[in-house]
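Heads up, the thing below is written out as structure tokens.
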Amino acid sequence: MTAPASANGTTALTADELVQLRDAVRGTLERLWPAPTAASSVEAGPVEAGSVEAGPVEAGPVEAGSALAAVWYAAAAQGWTGLAADDALDAAVVVCRELGRLACPLPLMDAYVAVRMLAGHGNSGHGNSGHGNSGHGNSGHDDSRHDISGHGDAGHGEVIDSIAAGTVRPIVGSADDDGVVRHLDGAQPATHVLLLPRRSGDPVELRPIATRTPTPGLAVPAWCSAVPGGPALVRFAPDPGAVDEARALLRLGLVTRAMAAAERANELAIEHATVRHQFGRPVGSFQAVSHRCVNGVIDATTLRRLVDEAVRAYLSGVPWLLAAELAVTFGVTAAPRVQFGAHHTLAAVGYFEEHPAPWLFRRVHADTTRVAGYPLDAGEPADLLLENGAGLPPLDLGPEAEAFRAEVLTFLDEYAKAHGDDATTDDASMVEALAARGYLAPGFPTRYSGRDASIDERIVLSQELGYRDIAMTARTAVDMLGPAIARHGTEEQKSRFLPMLAQGRLPFYLGYSEPETGSDLARLRTRAVRDGDEWVINGVKMWGTGGDAAQWVWLAARTDPDASPHAGLTVFLFPTGLPGWSRQDHTSLAGHVSCSTFFDDVRVPDSARIGEVNGGWRVLTEALAHERIAIASGTARLYRQFDALLELARRDPVGVVGPRGSASRRRISELAARMQAARTLASSGAQATLAGGGISVEAPMAKIVGSELEEDLGTAVLQLLGPAAALATGERVPEHHSFEYTLRLSVMSVVAGGTNDIQRNLIARALGLPR
């Protein structure tokens, strides 16, 4: 996937370039602002006009806010304050993250916004905020571009150069009716304030700061109230869309910096949990502590993915405002949650100001609080989704993958026209049609009935087929068994089973869980004893979903009872119905059939063995990693349920979820942010796992985020839409799967493939937390 180009032709930085930038920024900041505790050294006394000089970059620190001024001068020298001239939002986000890690309030995004509003690039700027983005349904509204650069004149270029050079140091705000601009953060070294209009028709002005007065409170350095002076260095009438975009960028910068501060606190908490002992054990070995640390990592990773998606859209010149606001909506509550979790782990150690945590705490809450100071006229995500007919922003996987998506959608449309629009779940004719095109097993080689598809093309198929709930049984078999057979099977097994999987002809169930040990595979008791060229299997397996219709069982058995728990396992694949095999059916809450299966001297040939004798743990690890991806791909099905909720609410937005600002709209905004987060994590987790780089922690993260959202979405829908949504059919029930069915299914989504507690344990091990 190539780096996108911004609307003015600037190419996004590569991953390696962003890492190099991060390291350079970190090195500069650690020299001038060596720790979060440096915030306490910024002077906050009253400042009159002229005491903060608009001097050259080489000038030394000024009297007010000397430490912060030194950072501002360095930022100018390093080119950070001129990033907007190149539309380098990706670079600006990297700098914001590094500022957050050190609780440094340098208003970098203020400088970015000021330059963009003054740049005067006409419609080549990033005006395509698109107050709504097309998802699976095209919104059909006007996506005209709003120019965030405003209406510049020749003089603006000099001001832009001065901002880049650090001689003009702007901070952004709006004046109250008394002319005072309040709650300015990091304003000690600022020379000017960029005034955004509070009312339609008001101009944008860049005015020198006449006086500033500190307003002590939570933030350190203290926020300031500033009185602008005159005359205005710049004054122009902006396009209304440009002001919203400026505010959106400021909001995005604030939550990015806040989460970086919270993430740093959580890193310190993880370090603490590995060395601090309580009751004779490292505190990180207590599951409550380790899961709290893991939750912080999940939240931080989730926001990072959401911000990255917003930046990608911005740089690609496509509608980006909704993507940014989804990140803001998630981050404004997630960052404080992560920070509190870190403090709970650090306990008294992190409560006193010798430790960085209190200063990070102040930064997190100061930044997330100030988000409300830049409200958008376009509204919150729920307003964009309900009033403009927008869908969630698409996850662009690159030109080749998106061309393939178009091919897949054309095929699905043509199939629907020929066969009706009800080819879902395990429709046999649809499975056959998918197999004929290599769509069931796209990653398999063509010789095994696949299509040698790229990773991104495989993700496209998972998204589009999952959204329509097509061929779930066949695709699950491919996802769970295919990679393990391809890596560990014999050539004969590959030639036999991979084409069967690719053609949807290997219905199976998993023989993992047992009555005594649950899903702890290292402790399983089902035995397989070798007898010549056969194996004799005895034991009981439970919770075999689909076992009533399965023709094959993928079984884990203990073949060396004297070996260590992980070393004595072997995996087999063989037909059901053999002598000695029997089952007992159980009906789940969601109406599915699961089975207990019994093995009484069941004989299978050695050719049924997958992988080495006693080498089953490697096979299982492969299969389990892809099982998590298969479960996380259920996010696409959940996305359809969310779209169904939006469709019903759009019929009468005010009547269903209330007016703008209502609690119900806020709830939809939060669900939308989590839905987008689940989609991005499912995609990134699949990319990491399918690339073969080992176990990806984002795969279990995606499973956790998606399945817990499924429970919350199912509950929220019934509360938002009322009793009619709890029926199996009706005017407030989707035609495909009812809301109440999804709610009943959600419990299994949390439990399947290893409960979410187990997934958190896996992530904890990857983070180095003690057992």
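The count begins at 1 with the first shown residue.
Using N, Cα and C of the backbone, Cβ positions are placed for all residues, glycine too.
As written in TrEMBL, here are the features:
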COMPBIAS  124-138  compositional bias 'Gly residues'
COMPBIAS  139-156  compositional bias 'Basic and acidic residues'
DOMAIN    251-368  domain 'Acyl-CoA dehydrogenase/oxidase C-terminal'
DOMAIN    399-504  domain 'Acyl-CoA dehydrogenase/oxidase N-terminal'
DOMAIN    511-602  domain 'Acyl-CoA oxidase/dehydrogenase middle'
DOMAIN    614-767  domain 'Acyl-CoA dehydrogenase/oxidase C-terminal'
REGION    124-156  region 'Disordered'
The domain 'Acyl-CoA dehydrogenase/oxidase N-terminal' (399-504) versus listed stretches 251-368, 511-602, 614-767: most Cβ pairs under 8 Å:
614-767
When DSSP states are grouped into helix, strand and coil, how many residues of the domain 'Acyl-CoA dehydrogenase/oxidase N-terminal' (399-504) land in each?
75 helix, 2 strand, 29 coil
Could you count the residues of the domain 'Acyl-CoA dehydrogenase/oxidase C-terminal' (251-368) that DSSP puts in helix, in strand and in coil?
100 helix, 4 strand, 14 coil
